[in-house]
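These notes concern the structure reproduced below.
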Amino acid sequence: MSGNPCWRRQERFGTNVKEQILRLFKEANGQFVSGEALSEALGCSRTAIWKHISELRAQGYQFEAVRRSGYRLLATPDIPYAEQVKAGLNTQRLGCETHFFETVESTQTEIHALARAGAPEGTVVIADEQVKGKGRLGRSWHSPPGSGIWMSVLLRPKLELQRCPQLTLVAAVAIVETIREQTGLPLMIKWPNDLLLNGKKVCGILTELRAESDCVDYIALGIGINVSSASFPSELADIATSLSIEQQGQAPLRTPLIKRLLEKLEELYFLYVEQGFSAIKPRWEAHALMLGKPITARRVNSATLQGIAIGIDEQGALLLRMEDGRTEHIYSADIDMG
Ligand code: BTN
């Protein structure tokens, strides 16, 4: 799996002018770029350039304009606009097609619609706010504006149906490794889809799929990360946290975090597709919270089990050592520790 990163492909095929303007400013590294140079590089008039810069200003980008020198990019907003996420993104597929919404019901609903309309693997939907954010097992996901990463990624792996839950674990490793690398925070994975800091949930993963017979058509991988939330509604206050709360009010910027996450997710996804789950399993286990600890697994439509979590199997199911020495494989459950 190699080739040009997707932002280089855009350069060749020239898609969105605003994306290209931002890339030129990024390359200028804080120096002035003349209107003439911009219009020559992009093949459009200086009036058109001025119009695009006005639109970028309205989105929160700050430019200094000086006669005879041109424009200088002073500040970019920390709103993960598609142009921002795609600028310099070092991936082959993930994020090459990115859609940003101020408000959506759920990024999952949007990615499902795009998938059904034939969107390519790697398509990403990001929202600043979700008003009907979805959690696992029919729960809702609190997604207020400006405070988190609410994102869905479309994958089209050639995978047997029973292996699909492994992708939740692949995503968990990508998120943990990215956040640890970017913030140093000691995130841990609680099987199957929770990422915790100091015992509270900071991130959740929702993996939904469409399949025909036992062939996967696509996977909608939903990722929710509480980045800068300062507080939570009372029903979540004891169980949820954010990166900012855990760093005494210091929140990482969302856009670079999303970019790094897409790069890491693609790296691990390709590794998984090429080498299978055995290449991911030790990395998952290295960040697993409950290995060797007593847990209670509340299964839907099945008895609740208590035992010691001893690992995961090759399919990604949780292995539970029972009191009588038997090992149970848990495929879906809510886990309580202790
Ligand atoms: C869970 O822990 O129950 C899963 C939460 C998943 C939340 C994310 S936010 C982006 C995507 N869109 C949604 O509606 N849900 C997922």
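Keep in mind that glycine also has a Cβ here, set from the backbone N, Cα and C atoms.
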Stretch carrying DNA-binding region according to TrEMBL (options 35-54, 275-294, 295-314): 35-54
Nonlocal residues around Q130 (biotin binding site), in sequence order (Cβ under 8 Å, 6 or more apart): T103, V104, E105, S106, T107, W141, S143, W150
Reduced DSSP assignment, K201 (biotin binding site): strand
Those residues of the chain, 6+ apart, with a Cβ under 8 Å from that of K201 (biotin binding site): K190, D194, L195, I239, A240, T241
Segment-level pLDDT (mean, integer) for the domain 'BPL/LPL catalytic' (87-273): 96
